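A.B. asks: For reference, the structure I am asking about is given below.
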Amino acid sequence: MWWDERVSARFRRNLQPTLTYWSVFFSFGLCIAFLGPTLLDLRCQTQSSLSQITWVFFSQQFCLLLGSCLGGVFKRTLAQSLLALFASSLAISLVFAIIPLCHNVVVLAVVMAVAGLAMGCIDTISNMQLVKIYQKDSAIFLQALHFFVGFGALLSPLIADPFLSDTNCILANGTANASSNLPHIRKSLLPHHPGNLSRYELPMKGMVVTRVSYAFWIMALINVKPRILGCGQQVPQRTRIPGFGQTPRPFPFPSGSSEEAEGEVEPPKLSSAPHSGSSLAGHEDLFSCCQSKNFRGVSFTYFAVHITGALVLFMTDGIVGEYSGFVYSYAVEEPLAVVHKVAGYLPSLFWGFITLGRLISIPVSYRMKPATMVFINVVGVLITFLLLLIFSSSVVFLFVGTASLGLFLSSTFPSMLAYTEDILQYKGCATTVLVTGAGIGEMVLQLLVGSIIHDRGSYSFLVCGMIFGCLAFTFYALLVFFHRMYPKPCPELDEASPEKAAVPEDTGQYQR
């Protein structure tokens, strides 16, 4: 096997919860990608205008960000986190089932807001719990986690495609021009930027003919059964009190210790007192992280590591959002003027290589440090945008650059999360802060780039990407600088020491 026996044993002990987190992230991916391709059919279903239907985008993205901030509330116990994941996954399944019944755009926006909240909770809790379970071994499992979200995002449009309308789905007179350009309108429709499509008059009244409901019901069925089987069978393993006919579980030592390998250690003494501050200091929700009690006695580098790590992901996840959203519009405009059908492959190519890159990163992350992977990612993004600017008139290089950008961006988030948590010795609020920063970046930069393209033209799309890439590299350099300044842990409290192991911790182990 390409990983050692210690990691393999740890994975086997935590197999069920790990598979649960991976499966719910697949649901997260399904929910991310379905809205774009189906939005025109949903416009017909709700009989709304283009400008009205784009508010559905905003409601989902804003509530996803809010859910990411609140997700850490459910970290107190593993039972809470699993219950929250089960509820969130079930909510997404119900949203898929309810969407065909929403015939008003406001009702649809509210339903998508619920989906956004569920997605945000899944994002924060899954990342947080995997880091909590595996700690220094978490990089490889985080890469796998983000592969599943990419796989879901790749599969969702494929499920929806056979049910999308080939002609205008509201039958009315005088819609031939719009109907013939429907694929182009579908690819160009972006959050709060339907202005470039104002020349296409789509009817709002008439007979609605759309089969998109079947796509949502299929996704609901795909989503709900694994969630019930995966989350419903999980029961947190707790230490049993001797004398009640139950054998106490051995206390699992941190990875790499000789005690863990031998399995011949005595269980820790039980205590009704709450855990020490060191064991519960990290993995808070965003609002708990901002409480003044968490800032006592910490150096300025503690804040600097959180902020610079979040800013790197603000830029890189923002690039993912703006590139996937605007690469089609950039390709069909001058000077490239790619035909609509060919340009339509660019977003799929981008997401396909993001998924491929995450799959490749699973074994690579075991052999390579997270800091090195992040460095390769940000430098690769910077070089790719530079070459895209130099060869801006080449259609072939646009496709090559799109694939390259997807590969370099694919593993940035999980690698940065593993790197930052490792710097903070898993006692900060890095997971929540980084997830929130990434969500803000994806929402804000997409809106910002859309406004700039509308005012300055399509070429500014690549210029913005280059600027964001430079900023990401700058923030990464600052993160490395603050990492060198951050105080190192005391040798006597190293992970492999008995003193450290004697502190009771919830290690995230489960049993049926």
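Using the three backbone atoms N, Cα and C, a Cβ is placed for every residue, glycine included.
TrEMBL entries are annotated by machine, without manual review.
Below, the features straight out of TrEMBL:
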TRANSMEM  21-40  transmembrane segment
TRANSMEM  52-74  transmembrane segment
TRANSMEM  81-99  transmembrane segment
TRANSMEM  105-126  transmembrane segment
TRANSMEM  138-159  transmembrane segment
TRANSMEM  206-224  transmembrane segment
REGION    239-277  region 'Disordered'
TRANSMEM  300-320  transmembrane segment
TRANSMEM  342-360  transmembrane segment
TRANSMEM  372-391  transmembrane segment
TRANSMEM  397-419  transmembrane segment
TRANSMEM  431-453  transmembrane segment
TRANSMEM  459-482  transmembrane segment
REGION    492-512  region 'Disordered'
A.B. asks: Count the Cβ pairs between the transmembrane segment (105-126) and the transmembrane segment (459-482) that lie under 8 angstroms and are 6 or more residues apart in sequence, then report whether there are at least 3.
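C.D. replies: No, the stretches stay apart by this measure.
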A.B. asks: Can you name the far-off residues of the same chain, 6+ from the ends of the transmembrane segment (21-40), with a Cβ under 8 Å from a Cβ of it?
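C.D. replies: For the transmembrane segment (21-40), the far contacts come to 53-54, 56-57, 60, 85, 88-89, 92-93, 95, 112, 115, 118-119, 122-123, 126, 129-130, 144-146, 148-157, 159-161, 164-165, 169, 182, 185-186, 189, 212, 215-216, 219, 222-223, 226-227, 230-231, 351.
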A.B. asks: Which of 52-74, 81-99, 397-419, 431-453 has the most Cβ pairs closer than 8 Å to the transmembrane segment (138-159)?
C.D. replies: 397-419
A.B. asks: Check the transmembrane segment (459-482) against each of 52-74, 81-99, 300-320, 397-419, 431-453 and return whichever range has the most CB pairs under 8 Å.
C.D. replies: 300-320
A.B. asks: Quick check: do the transmembrane segment (300-320) and the transmembrane segment (52-74) share at least 3 Cβ pairs under 8 Å, counting only pairs 6+ apart in sequence?
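C.D. replies: No, the transmembrane segment (300-320) does not contact the transmembrane segment (52-74).
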A.B. asks: Among 52-74, 81-99, 342-360, 397-419, point out the range having the most Cβ pairs under 8 angstroms from the transmembrane segment (431-453).
C.D. replies: 52-74
A.B. asks: May I ask which of the stretches 52-74, 81-99, 397-419 has the most CB pairs under 8 A with the transmembrane segment (342-360)?
C.D. replies: 397-419
